[in-house]
Every structure is written in C-alpha cells, then in structure tokens.
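Some features that Swiss-Prot has for this protein:
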{"type": "DOMAIN", "residues": "1-143", "note": "domain 'MGS-like'"}
{"type": "BINDING", "residues": "His11, Lys15, Thr37, Gly38, Ser39, Thr40, Ser57, Gly58, His90", "note": "substrate binding site"}
{"type": "ACT_SITE", "residues": "Asp63", "note": "active site, proton donor/acceptor"}
Amino acid sequence: MTVKKIALVAHDRMKKELIEWIKKHQNLLKHHELYATGSTGQAIEKTLNVTVTKMESGPLGGDLQLGAKIVNKEIDILIFFWDPLEAQPHDPDVRALLRIAVVWNLPVACNASTADYLLTSPLFDSDYHPETPDYEAYRNRII
C-alpha cells in the first residue's frame, strides 16, 4: 500500500457528514497522512485517534495553506465537503482551493459518494501520480 497525503476539509454544516464518512473508512484512512483545516482536523483526531496535520481554520487562511501544499505537490487527494446551500465568508478562498486542485490535476471529492469512488478505486492503492499539466507556454508567455 502506498501512503497517500489526504487533505480533509468540511464547512461547519458538513462536518458531521465528513466525520460519518471518516468513521466508515477509518480502517483505511488511519494508514495515510491526513491534513485538515483547524476544527475539522480536531474532530478527525478525536474520531480516528490519529495525528492530523492541522492548518489554520478555513476563514483564517487554512484553505490557502492547503492550496500551497497542492502547488508544492505535498497533497495527493483533496476531500472537501463544502456546503452548497450556504454562502461562506471566505468563499474566494474556497474557490481558490478548488481551482488550484483542478489546475494541478489533483483528485477531488466534494461529497461522500465521490469520496467513496476515490478510496475504492484500484488506483488508490497504487503508486499513482496524476499527470502534471505542462504550463511552460503559460509561464513563458510574453505580456
């Protein structure tokens, strides 16, 4: 089994759903490196009795800290249970995190069923590395 670096994030009204999902998959998740934003990380530690690398709370920059880890290839999977029914004060940060995950072709799940698909994929236990997009032309563009 290849150890994955998994970022787990949930908006306040979605934390209970994420924790229930984590309980369902705790035997698998406890063998991986887990990262999370503030209070989500605390809840995960309490649930799994494992150490979670905690960022700041989302509104205090935790989403952006995870985004930086994605850019630096320090995260393999993002599981983000975001609340589709409530506006967030840090919505630009949420969009930035999701955008940067797509930019770097990172596997992302935004609900339990998609997260189930990720964890049960045959690629999950392999040494799979998503193809990194080639942004050289963008980096070298003349403005």
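Placement of Cβ uses the backbone N, Cα and C atoms for every residue, glycine included.
What you are looking at is a predicted structure, and each value in this text was computed from that prediction instead of being measured.
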Residues of the domain 'MGS-like' (1-143) by DSSP state, where helix covers H, G and I: 67 helix, 19 strand, 57 coil
Cβ neighbour count (within 10 Å, all chains shown) around Ser39 (substrate binding site): 15
Fewest other C-beta atoms within 10 angstroms, as judged across Thr37, Ser57, which are the binding-site residues: Ser57
Residues satisfying Cβ distance under 8 Å from His11 (substrate binding site), sequence separation of at least 6: Gly58, Phe81, Trp82, Asp83, Glu86, Gln88
Integer Å distance between the CA atoms belonging to Asp63 (active site, proton donor/acceptor) and Thr37 (substrate binding site): 7
Pairwise CA distance, Ser39 (substrate binding site) versus Asp63 (active site, proton donor/acceptor), rounded so that it is a whole Å: 12
Integer mean pLDDT for the domain 'MGS-like' (1-143): 92
Residue pair Asp63 (active site, proton donor/acceptor), Ser57 (substrate binding site) - Cα distance, angstrom, rounded: 8
